[in-house]
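Q: Below, the features straight out of TrEMBL:
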{"type": "TRANSMEM", "residues": "6-27", "note": "transmembrane segment"}
{"type": "TRANSMEM", "residues": "34-56", "note": "transmembrane segment"}
{"type": "TRANSMEM", "residues": "62-83", "note": "transmembrane segment"}
{"type": "TRANSMEM", "residues": "90-112", "note": "transmembrane segment"}
{"type": "TRANSMEM", "residues": "138-159", "note": "transmembrane segment"}
{"type": "TRANSMEM", "residues": "190-209", "note": "transmembrane segment"}
{"type": "TRANSMEM", "residues": "265-286", "note": "transmembrane segment"}
Amino acid sequence: MVDLITNFLTADIRTATPLLLAALGLVFSERAGIVNIGTEGIMLIGALLGCVGASFSGSSLVGALTAIFGGLVMSLIFAFFTITLRSNQIVVGTAFNIFAGGFTITLNRLLLNGAKVKGYVNLPVPGLSKIPVAGDVLFNWSLPVYFAFICVPLCWFVLQRTNIGLKVRAVGEYPKACDTVGINVFRIRYGAVLFSGMMAGLAGSFVSMGQLSSFTEGMVSGKGFMALAVCVFGNYSPKTVLLAALLFGAADALKYRLLTTSLGGYYQFLNMLPYLITIVALCMFAKRSNKPACSGVAYRKE
């Protein structure tokens, strides 16, 4: 029974980590008024570039940095279209996702073709990792997992207790008023989107290097959209986003657990389970969310 609980909780954290990383970035992007639907595509590119970087360098750290850089470049392009050119954010994000699908397939077949790479290595915390149950669940992970959970209080503090966080929130609510008092709306929105892209790139690298140590085509399989749902379900706050990510991660972990039981014959339904829970959660809580007033609205300087 103890092993069952330990395995389930570790699977929950493993599947929740990429959702949490991407959702924390989306919190800033959304609070600044930019809906980054392209997170799915950025995660997919991060997953591929992480493996490419690790394959050519033999270092998972280089792979992570490559994925983050890829996310930065993609989000910069996204920001240019949506903030500078004021293109429709949903249309641009959808185009990004379509592009990422074809781009990663082509690059994977040219450079990797499914080859194994050096993935993220678990770094047990001395002493704490020996605690029964809690040691394996909380203190025996790779750096991206520790980073994701440390980022929760850091992101909350930046968003709620710093001047830059106040500007991010204000730009998403009253961009015209912010511009009037001298706040550079475009700079704040660019910064929020770039941070979102870097977090999505790192999240994608964890999907490939933290779970399989290889890239397979389409492996992100909706996690970018789930991260967006986590952001909405978590009411655009880092603290509640953590709980939402763990809930959605638990649904994914439950799916894998049920596949090993007599219900495994219904694998099509079980594979659908996390996304079904996502849809139900959004239907129940989307209207109650504290959505920024100017979310998805391009700002035109007068």
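Here the Cβ of each residue, glycine as well, is placed from N, Cα and C on the backbone.
These numbers come from a predicted model, not from an experiment.
Are these features on the surface or tucked inside, and what touches them?
A: Same-chain residues lying 6+ beyond the ends of the transmembrane segment (34-56) with a Cβ under 8 Å from its Cβ atoms: 18, 22, 25-26, 62-71, 74-75, 78-79, 82-83, 89-90, 92-101, 103-104, 107-108, 111-112, 115, 117-119, 189, 192-193, 196-197, 200-205, 207-209, 214-215, 218-220, 222-225, 227-228, 295-296.
Here the transmembrane segment (62-83) has long-range neighbours at 34, 36, 38, 41-42, 45-47, 49-56, 89, 92-93, 96, 100, 117-118, 120, 143-144, 186, 189-190, 193-194, 196-202, 204-205, 209, 298-299, meaning same-chain residues at least 6 beyond its ends whose C-beta is under 8 angstroms from one of its own.
Remote same-chain residues near the transmembrane segment (90-112) are listed as 35-42, 44-45, 47-48, 51-52, 55, 74, 78, 81-82, 214-215, 217-218, 224, 296 (criterion: CB distance under 8 Å, separation of at least six residues from the stretch ends).
Counting residues 6+ beyond its ends, the transmembrane segment (265-286) has Cβ neighbours under 8 Å at 222, 225-226, 229, 232-233, 235, 244, 247-248, 251-252, 254-255, 258-259 in the same chain.
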Q: Using a Cβ cut-off of under 8 Å, list the residues of the same chain at least 6 residues beyond the transmembrane segment (138-159) that approach it.
A: 13-14, 17, 20-21, 24, 27-28, 31, 64, 120-125, 128-129, 131, 165, 168-169, 202, 205-206, 210, 237-239, 241-242
